[in-house]
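For reference, TrEMBL has these:
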type	residues	note
TRANSMEM	B:41-58	transmembrane segment
TRANSMEM	B:96-121	transmembrane segment
TRANSMEM	B:127-146	transmembrane segment
TRANSMEM	B:167-186	transmembrane segment
TRANSMEM	B:192-216	transmembrane segment
TRANSMEM	B:228-250	transmembrane segment
Amino acid sequence: MGTTPTPPGDNEPKGPTGTEDGMVVLSYILAGLIFYGGLGWAGDYFLKTSWLLPVGLILGLVLSLYLIIKRYGSGT
Amino acid sequence: MTLGLLPMESGGGGYTPPGVDDFKWDSMWPGVLPDWFNKPFAQAVIGALLVIILWWIASRNLKVKPSKGQFAAEYIYEFVRNGIARDILHSDFRKFLPYLLGLFSFLLVNNWFGEFFLFMYPTFSNVGYAYGLAILSWLIYVGAGFKKWGFGGFLKKALIPEGVPGYLLPIVIPLEFLATFITRPITLALRLFANMFAGHLVVMVFVVGGGFLITYANNTFFNVAGGVSLAFSLVIMLLELFIGALQAYIFTVLTAQYVSTSIAEAH
């Protein structure tokens, strides 16, 4: 890539990348579960239903995975 | 001689297994010093002083042909500079190197306090100290983002992912907000805390249980088992040395990674 002397590790196979990406995405998964699971729980609590919490958890997880793919999975 | 199979079963035998109560400390000098001046607090202060003094000594009298001490100090410095800061932050690494190096050495010293005489307790097995460091890292990476992109600019960069269609944004933005500002520091702190807490608890189980068995009256089998348990606790402590270094490394790498996502150009 180019003629400017870049420090080693600027190329594609970066040293520690991989493990820490896996730990960064953990915060996304938790965020999805907490937010939509929480909304589902609140809905169940106030509407006296019992199916909103699992739906919220699954929806949150799916959205988290979608965001992770968008943020970390596109070609880089 | 009866060979009880479960001498450490709760109830009989007078054995109290180690537990959460072993992580609660009173004032180091009751009546004189306030309650918050307990053992973890003293360790954190001593750890900070150690880090400052060791790096101060290490940075004096540098020679072209290094002595053993200088070699060791330069080894750690280069590990953090090249292995963590420059690899992740690329050209911006210089600004954040002092914090990352200080963070790594402070974590390393405090985690290794768990295996050293006189201390025998990892400071970060108290969750408050882990939260404190996580909040500091949070301030650094959020502050770096605001400084580089401005208030609205950083919020836009952090909250609106690229390539997501507009009709999905309302349900995705709360997730981005939670992930960036809330769950990141929490996972950072809890990972460190849980590792140190569990490791110290395992060591205590082997030491306390071994000590109980080795002093058990009239039962050679228990005494031998206790001796083996005590010897094995040394192996666990070696493992804890490794885990302490690993957790210090992970905390530092993740901080650098968060800073990097705050200040990186859009790709």
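Quick reminder: no glycine exception, Cβ is built from N, Cα and C everywhere.
Whatever TrEMBL says is automated annotation, not expert-curated.
With a threshold of 8 Å between CB atoms, the same-chain residues lying at least 6 positions outside the transmembrane segment (B:192-216) that come near it are 7-8, 15, 17-19, 22-23, 107, 111, 114, 121-122, 124-127, 130, 133-134, 222-223, 225-230, 232-233, 236-237, 239-240, 243-244, 247, 250-251. Only residues 6 or more beyond the boundaries of the transmembrane segment (B:41-58), in the same chain, are considered here, and those with a CB under 8 A from a CB of the stretch are 28, 69-70, 73, 77, 101-102, 105-106, 109-110, 113, 119, 121, 123, 129. Segment contact is absent for the transmembrane segment (B:228-250) and the transmembrane segment (B:127-146), given fewer than three CB pairs below 8 angstroms at sequence separation of 6 or more.
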